[in-house]
Amino acid sequence: MDAPARLLAPLLLLCAQQLRGTRAMNDIGDYVGSNLEISWLPNLDGLIAGYARNFRPGIGGPPVNVALALEVASIDHISEANMEYTMTVFLHQSWRDSRLSYNHTNETLGLDSRFVDKLWLPDTFIVNAKSAWFHDVTVENKLIRLQPDGVILYSIRITSTVACDMDLAKYPMDEQECMLDLESYGYSSEDIVYYWSESQEHIHGLDKLQLAQFTITSYRFTTELMNFKSAGQFPRLSLHFHLRRNRGVYIIQSYMPSVLLVAMSWVSFWISQAAVPARVSLGITTVLTMTTLMVSARSSLPRASAIKALDVYFWICYVFVFAALVEYAFAHFNADYRKKQKAKVKVSRPRAEMDVRNAIVLFSLSAAGVTQELAISRRQRRVPGNLMGSYRSVGVETGETKKEGAARSGGQGGIRARLRPIDADTIDIYARAVFPAAFAAVNVIYWAAYAM
């Protein structure tokens with residue numbers, strides 16, 4: 001019994017060592033993502049032992065040089081109302097930490113994202129971000145690679161909503177410049193120095209992006225040193241990218257409907273003046289539709305004090321639509337005024353003819369030798385009062401009455417000639433040519449001022 005017991009003890013010890021080795025292999029497999037030889041692996045526990053992650057590499061010495069690089073995955077949304085855009089990027093940071101160097105091999109070690117919590121990391125943040133979050137499906141989207149000389153590559157995937165100041169004076173024919181500013185939150189230029197990676201000549205993925213409302217025309221990188229009186233100088237890296245708005249969708253949704261509404265208001269110039277309900281309803285409908293179009297277009301824009309190019313065009317169209325309605329009111333007023341004048345002429349013409357006939361009879365009697373007293377007595381007895389006035393006005397005119405009558409007729413005739421109403425049909429004929437020509441001229445000036 002003693003001999004089997006002595007053999008069983010070493011066997012159990014061997015099994016325990018084998019199990020421990022298997023677990024160690026599994027743990028290493030969590031850190032190494034490839035089929036590599038295990039013999040070259042550094043002793044991670046030895047590297048981490050005594051490692052102070054709260055202090056930067058080389059504390060008390062020269063600053064840490066951190067290289068940054070960006071890859072743009074998508075630009076999801078650009079909002080003019082909130083002056084912001086949403087971007088998903090891969091942020092790559094690289095620096096050297098001599099405390100983690102292992103020079104007995106030339107292999108780069110790929111580590112699990114859980115190892116990140118044991119390392120010192122630059123406190124990089126997005127200066128103009130309104131909100132941001134990391135991705136964690138199916139695991140945390142973080143990458144860490146360790147080179148033998150202690151150089152660390154740290155990559156994370158971030159989605160951030162970033163502020164972008166926009167000048168909308170030429171909207172929707174505007175071009176905007178948005179920025180992504182990266183800076184250290186707590187380390188000044190004495191502790192950390194940022195610079196764009198040498199491989200960052202262009203941004204991978206940005207050239208292939210297809211945006212709904214914009215086209216990315218160009219981008220550039222800048223480096224500057226921000227000076228804060230209370231905290232010192234902080235290095236800042238900025239990505240500037242220029243956006244040109246796609247005008248096609250606005251021409252279809254805003255400009256073409258406005259032009260069609262203006263052209264629709266001109267239809268009233270070909271409708272008869274007698275069709276009052278048709279012309280009035282057409283004019284009011286175009287005015288209200290233009291108002292609705294203006295309100296709906298402004299709903300997606302900020303309430304800014306600047307007048308935008310689209311607002312200018314809407315008001316141009318609104319003035320032409322309203323002017324077409326006013327044109328009909330003016331033409332209808334002239335037509336109604338002419339009708340009243342004709343009615344007055346028809347009523348006064350028979351009365352004037354009767355006065356002339358009575359005056360001729362009285363003049364004939366006077367020429368035949370009838371005495372003035374007899375003529376006066378007969379006129380007083382037989383001739384009505386209006387005939388007396390007519391006779392005096394025709395037959396007994398002195399020089400003064402002629403002069404006064406000529407002066408009155410000359411003054412009133414000149415005013416009436418200047419204020420004589422124009423025929424309504426003539427107004428419509430002029431409007432058919434003047435309105436389209438004026439609208440075309442205004443369009444040429446507008447597009448030359450804003451589009452070129």
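Quick reminder: no glycine exception, Cβ is built from N, Cα and C everywhere.
Positions annotated as disulfide bond by Swiss-Prot, on the basis of experimental evidence: Cys164-Cys178. DSSP assigns Cys164 (disulfide bond) to coil, not to a helix or a strand.
Sequence-distant contacts (6 or more apart, same chain, Cβ under 8 Å) of Asn103 (N-linked glycosylation site) comprise Pro148, Asp149. For Asn103 (among others), the entry in Swiss-Prot reads N-linked glycosylation site, with the evidence type experimental evidence.
Annotation comment: Swiss-Prot describes Asn106 (among others) as N-linked glycosylation site. Here the Cβ of Asn106 (N-linked glycosylation site) has 9 other Cβ atoms within 10 Å, regardless of which shown protein chain they belong to.
Residues or ranges marked as phosphoserine by Swiss-Prot: Ser390.
The feature signal peptide is assigned by Swiss-Prot to 1-24.
Positions annotated as topological domain 'Extracellular' by Swiss-Prot: 25-251 (among others).
Sequence annotations record features per position, and here Swiss-Prot assigns topological domain 'Cytoplasmic' to 272-275 (among others) based on a curator's inference. A Cβ distance under 8 Å defines the sequence-distant neighbours of the topological domain 'Cytoplasmic' (272-275), meaning residues of its chain 6+ beyond its ends; these are 331-332, 335, 424-425, 428.
What Swiss-Prot records for 299-308 (among others) is topological domain 'Extracellular', and it gives a curator's inference as the kind of evidence. Tertiary neighbourhood of the topological domain 'Extracellular' (299-308): same-chain residues 80-83, 167-171, selected by CB-CB distance under 8 Å and a gap of 6+ residues from either end.
For the topological domain 'Cytoplasmic' (332-426), the model gives a mean pLDDT of 55. Sequence annotations record features per position, and here Swiss-Prot assigns topological domain 'Cytoplasmic' to 332-426 (among others).
The transmembrane segment annotation in Swiss-Prot covers 252-271 (among others) and rests on experimental evidence. Remote same-chain partners of the transmembrane segment (252-271), defined as residues 6 or more beyond its termini with a Cβ less than 8 Å from a stretch Cβ, comprise 172, 278-279, 282-283, 286, 289-290, 293, 297, 310, 313-314, 317, 320-321, 324-325, 327-328, 428, 431-432, 435-436, 439.
According to Swiss-Prot, the feature transmembrane segment maps to 276-298 (among others), an assignment based on experimental evidence. Residues 253-254, 257-258, 261-262, 264-265, 267-268, 310-311, 314, 317-318, 321-322, 324-325, 328, 332 of the same chain, all 6+ positions outside the transmembrane segment (276-298), place their C-beta atoms under 8 angstroms from a C-beta of that stretch.
Here the transmembrane segment (309-331) has Cβ contacts under 8 Å with residues 169-174, 250, 254-255, 258-259, 261-262, 265-266, 268-269, 273, 279-280, 283-284, 286-287, 290-291, 293-294, 297-298, 424, 427-428, 431, 435, 438-439, 442, 446, 450 of the same chain, all six or more residues outside its ends. Annotated transmembrane segment per Swiss-Prot: 309-331 (among others), in sequence order.
Marked as transmembrane segment by Swiss-Prot: 427-449 (among others).
The separation of Asn106 (N-linked glycosylation site) from Cys164 (disulfide bond), Cα to Cα, is 45 Å. The two recorded residues, Cys178 (disulfide bond) and Asn106 (N-linked glycosylation site), show a Cα separation of 42 Å.
Sorted by the number of other CB atoms within 10 A, the disulfide-bonded residues Cys164, Cys178 start with Cys164, the lowest. As a summary of secondary structure, the topological domain 'Cytoplasmic' (272-275) carries 0 helix, 0 strand, 4 coil according to DSSP. In the topological domain 'Extracellular' (299-308), the DSSP tally of helix, strand and coil residues is 0 helix, 0 strand, 10 coil.
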